[in-house]
Amino acid sequence: MKTLKDLGDLKGKRVLVRADFNVPLDGTTITDDGRIKAALPTIKTLREEGAKVILMAHLGRPKGKVVPELSLAPVAARLGELLGANVPLAKDTYGEDAQAKVAAMNDGDVVLLENVRFNPEETSKDADERAAYAKKIAALGEAFVSDGFGVVHRAQGSNYDVAADLPAAAGLLVEKEVKALSKATENPERPFTVVLGGSKVSDKLGVIENLLDKANRLVIGGGMVFTFLKAKGYEVGTSLLEEDQLEKVKGYIETAEKNGVELVLPTDVVVNAGFPAGDTPVAPEVVAADAIPADKMGLDIGPESQKLFHDKIVDSKTVVWNGPMGVFEVPEFAAGTKAVAQGLVDATAAGAFTIVGGGDSASAVRNLGFPEDGFSHISTGGGASLEFLEGKELPGLKVLE
């Protein structure tokens with residue numbers, strides 16, 4: 001994979017950088033600027049080299065139309081604060097305003113182009129249409145840096161097609177992500193433990209299939225665990241269940257046994273009379289995993305399982321975690337996710353290499369107040385890190401080879 005140093009001397013050069021600024025907003029207030037901060041090392045390095053830094057990114061799903069509430073204006077403002085520099089926002093992605101703002105740049109300046117997904121061609125399935133659009137963006141720059149790890153699993157105009165038109169390389173963030181995820185999956189120090197949670201088994205099928213012969217231990221919680229418990233013959237009450245995945249999951253349980261992979265499931269769960277929303281009161285109770293009442297819904301792993309999961313994680317040299325253990329947004333059902341996060345922090349302190357997969361696990365770690373430096377690596381890509389763990393070829397990385 002080509003990296004920044006492969007681009008040579010960038011002084012005075014116009015460098016297009018595809019970043020991942022898809023941040024959560026409350027109105028125009030950014031509620032988590034983690035993704036913006038993750039892009040700073042690449043931006044600062046390029047500025048120090050005297051490049052003209054032209055940033056592009058998407059925000060939300062405007063579906064190819066201009067949606068004012070999804071403008072990157074709040075991102076430009078926050079970037080300016082973090083860099084201590086003015087970051088003008090172009091009114092378009094490649095039109096007159098973008099061209100004028102780029103033409104006015106001095107060495108070391110930073111400009112942000114407006115939301116690439118305001119253009120229908122950005123996510124078009126028609127390769128020719130995307131390529132023609134990418135050429136218009138590429139005309140603004142003299143080199144391309146791919147630094148939005150959150151989008152490398154998609155072939156889109158601003159991260160895939162642009163790479164065909166300009167000398168292209170991975171930015172520092174993408175390089176760091178690929179190194180960390182490769183280290184965990186290609187040659188992990190053992191014991192290698194994979195912790196999976198989140199609501200659906202179907203989202204994690206590929207990861208389980210790819211890692212069933214690589215991991216020493218699979219630890220499973222979250223909503224997806226009830227399909228595992230049901231596959232073992234337990235009743236799961238009104239808990240989330242994917243009936244159509246039962247046969248697959250039975251197969252995984254058999255394969256794990258055959259491969260000598262330790263499969264760790266909760267021994268107790270925290271249940272409630274239903275999902276804690278609207279009129280449903282929060283009245284948690286702890287029951288054995290094989291004795292969930294017919295009218296109750298499992299929403300977290302129980303205290304015994306929290307200790308079990310924590311100890312299994314600490315007894316590891318490599319840990320990859322993707323997906324929360326319960327409905328962590330509700331304090332009564334957050335203890336399982338906290339226990340797993342604490343397990344990773346304790347394992348890291350003891351010398352293990354730990355990765356928090358992007359998406360919900362990363363936001364859980366932040367929302368629950370864990371320090372980012374307590375983990376070896378917190379991924380910025382939800383879908384991208386999952387597909388990497390599935391062993392898939394990611395189009396946005398392939399074009400940087």
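Including glycine, each Cβ sits where the backbone N, Cα and C put it.
Here Swiss-Prot flags Asp20, Phe21, Asn22, Arg35, His58, Leu59, Gly60, Arg61, Arg117, Arg154 as substrate binding site, drawing on sequence analysis. In sequence order, Arg35, Ala38, Ala39, Ala57, Asp147, Gly148, Phe149, Gly150, Val151, Thr380, Gly381 make up the list of same-chain residues 6 or more apart from Asp20 (substrate binding site) whose Cβ falls under 8 Å from its Cβ. Classification of Asp20 (substrate binding site) by DSSP places it in coil, neither helical nor stranded.
What Swiss-Prot lists as ATP binding site is Lys204, Gly298, Glu329, Gly358, Gly359, Asp360, Ser361. In the three-state DSSP assignment, the secondary structure recorded for Gly359 (ATP binding site) is coil. Contacts of Gly359 (ATP binding site) defined by a Cβ separation under 8 A and a same-chain sequence distance of 6+ are given as Asn322, Gly323, Gly381, Gly382, Gly383, Ser385, Leu386, in order along the sequence.
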Among the binding-site residues Gly60, Gly298, the one whose Cβ has the most other Cβ atoms within 10 Å is Gly298
Tell me which of the binding-site residues Gly298, Glu329, Gly358 ends up closest to Asn22 (substrate binding site) in space, Cα to Cα. Gly358
Among the binding-site residues His58, Arg117, Lys204, which residue has the largest number of other Cβ atoms within 10 Å of its own Cβ? His58
In angstrom units, rounded to an integer, how far apart are the Cα atoms of Gly358 (ATP binding site) and His58 (substrate binding site)? 17
CB neighbours of Ser361 (ATP binding site) within 10 A? 30
Candidates Glu329, Asp360 (binding-site residues); min other-Cβ count within 10 Å returns Glu329
